[in-house]
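Per TrEMBL, the feature heme c 1 binding site maps to B:Cys60, B:Cys63, B:His64. Annotation comment: TrEMBL describes B:Cys156, B:Cys159, B:His160 as heme c 2 binding site. According to TrEMBL, the domain 'Cytochrome c' annotation covers B:47-126, B:143-221. Sequence annotations record features per position, and here TrEMBL assigns signal peptide to B:1-30. Per TrEMBL, transmembrane segment is recorded for B:241-260.
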Amino acid sequence: MSHDMSEDKLPESHGSAGQHEVATHGDPFADPGLPAHEPRRTDIDERAAKRAERQVSLMFVVSMLATVGFIASYVAIDADKIVYIFPLGHVSALNFALGLTLGVALFCIGAGAVHWARTLMSDHELPAERHPIEADDEVRADVIEQFKTGAAESGFGRRKMIRNTLIGSMALVPLSGVVLLRDLGPLPEKKLQHTGWDLATPEHPLPLVNMNTNKPMKAEDIVVGSLTFAKPEGLEEDDETFQQQIAKDALMLVRIAPENIKDKDSAELGFEGILAYSKICTHVGCPISLYEQQTHHALCPCHQSTFDLADGARVIFGPAGHPLPQLKITTNEEGFLVATGDFAEPVGPSFWERS
Amino acid sequence: MKKLSARRRHPLAALVVLLLALAATGGLYAAFAPAEKAQADTAAQSLAIDEGKKLFAVGCSSCHGLNGEGSSDGPSLVGVGSAAVDFQVATGRMPAQQPGAQVPKKKNIYTQHEIDQLAAFVASLGPGPVAPTEKQYTSTNPDDVAAGGELFRTNCAQCHNFAGQGGALTQGKYAPSLEGVDAKHIYEAMQTGPQNMPSFPDTTMPEEQKRQIVAFVRHLDEEPNPGGLTLGSLGPVTEGLFGWIFGLGVLIAVAIWVAAHTTKARKS
């Protein structure tokens, strides 16, 4: 669309266009009024209008072709075909073709409609003056009058029994919604306080099972600097409640040279430097296992809480409020690592009743 | 010379001098850097351990001690095994260029033959993980990719990202991207736990599972991505950000462009 046009196609002048300039004399703040209507090029030049019409139709035709292209690519292109397209890299040819053709089809309808409206549809300008939102006094008085009449006719003020029972019924109705909130339950009761490890007792210790091999581990299997994930014996991935259970029971086993363990209580809970920490962050319960074996830091990927596993999983950075709970472990007579009880404190994020 | 001194007060003179000084320092460093001298005397065909010890004395002993006993600048290498040497040297991490949060991967300047000699020497210091043979890290079973994927998500994805893209750790440390990493080096990293990565010894992650993980990581590299741009494989956050900024941004730009261009015959 070139905008240069011969002067003879333009109207000579607009008589109204100069008016407001005159009005500013003497009063610089005078309301200049509405500017005069300017015709569009397509309003005064029939050839320009024809050209705009062809442009709009062209866009609609392109849209039609793109839709045909969409159907054709759906039929013709193999779903597994991968092509290289700069700068997207290797992409599925089908995905790319479908997205491109559908995008072009929709865009051309929109662009055609906008171009049509701007160049060819009526250019009539309709000024709408602002009015105060407030109704005038007469209307207000009328409404108040009607309200008073209605109130008197209903007898709401006179028949107290009806009024009071109505208020009562209205007050009770929302209770149905409140009662339905019970479906959010049942209450967790002691579930937050205990994990699957509470099946373990000093008499019947529960072996730690390696998540990789699904077998119990011996102390010598865990070398210094290694990281192993464990679950209680008896919890199987096929179990219906596995996901709920592992969200509390998951253990992170690390072995730290005993001379590097700063917290003696933590060393006591472990076995010869093998420490079993809950894998669940005490902030909002993300699985935390970004373990750095030289610094002994465990980093939570969600909010960067950092725990020093050599110092009783003390929080050294981030929003977590508690150290990671540590499970007391030892070995049984066959040499397998076992737990002799549950965590001493609830695992995972804090909650109201947490002591 | 007169010409030069006539321009010594030119505004750019300081810059030129600075550039020359930088080039001279860099050139001298490149010429005398210790790593460059670490060429084995290939003429001598003695035992690999003896050759390794010579290489070690040149390239490694300044930090790790003449007998690999370690010093304030580098840990003891007693018991790290040949797998650790092969990983660290073949990926160019060792010899380290400078101390820092983490020693980065860089160009390896040793031949595989020299690395094997170094590994033989370090392995002689004490028993440790042995560098794997090709059979150990090459998977032949196509099911290994799926099994490896599960193991990867349990053991590795927390640091290296679910698509092996790597990620940040604490205080400048990071888990590197696994893209294009040699199968042997992935295997060795699991065996030995280089730098801050924990190790996954055969006792807790058997050889077969390591092989499956290697198969999965290699598959990540080869697998075509039907979606095109990965945006770092970071998931919905980057994808959403991209959509909001570029998708919506283009729409806003088009709307502004349309509104900014009048169709009036007389341009005001």
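Cβ coordinates come from backbone N, Cα and C, glycine included.
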Applying an 8 Å Cβ threshold (strictly under) against chain A, tell me which of the binding-site residues B:Cys60, B:Cys63, B:His64, B:Cys156, B:His160 fall inside, in sequence order.
none
So, three-state DSSP: helix, strand or coil for B:Cys60 (heme c 1 binding site)?
coil
Spatial neighbours of B:His64 (heme c 1 binding site) that are distant in sequence (at least 6 apart) but have CB under 8 A:
B:Phe56, B:Gly70, B:Ser71, B:Gly74, B:Pro75, B:Ser76, B:Leu77
What three-state secondary structure does DSSP assign to B:Cys156 (heme c 2 binding site)?
coil
Centre the Cβ atoms of B:Cys156, B:Cys159, B:His160, go out 8 Å, and tell me which other residues of that chain have a Cβ in range of the heme c 2 site.
B:Phe152, B:Asn155, B:Ala157, B:Gln158, B:Asn161, B:Gly164, B:Gly166, B:Gly167, B:Ala175, B:Leu178
Beyond the site residues B:Cys60, B:Cys63, B:His64: chain residues whose C-beta lies within 8 Å of the centroid, for heme c 1:
B:Phe56, B:Gly59, B:Ser61, B:Ser62, B:Gly65, B:Gly68, B:Gly70, B:Ser71, B:Asp73, B:Gly74, B:Leu77, B:Met94, B:Pro95
Restricting attention to the domain 'Cytochrome c' (B:47-126), give the mean pLDDT.
88
If you measure B:Cys156 (heme c 2 binding site) to B:Cys60 (heme c 1 binding site) at Cα, how many Å is it?
30
Secondary structure content, the domain 'Cytochrome c' (B:47-126) (per DSSP, counts of residues):
38 helix, 2 strand, 40 coil
For the domain 'Cytochrome c' (B:143-221), what are the DSSP-based totals of helix, strand and coil residues?
41 helix, 5 strand, 33 coil
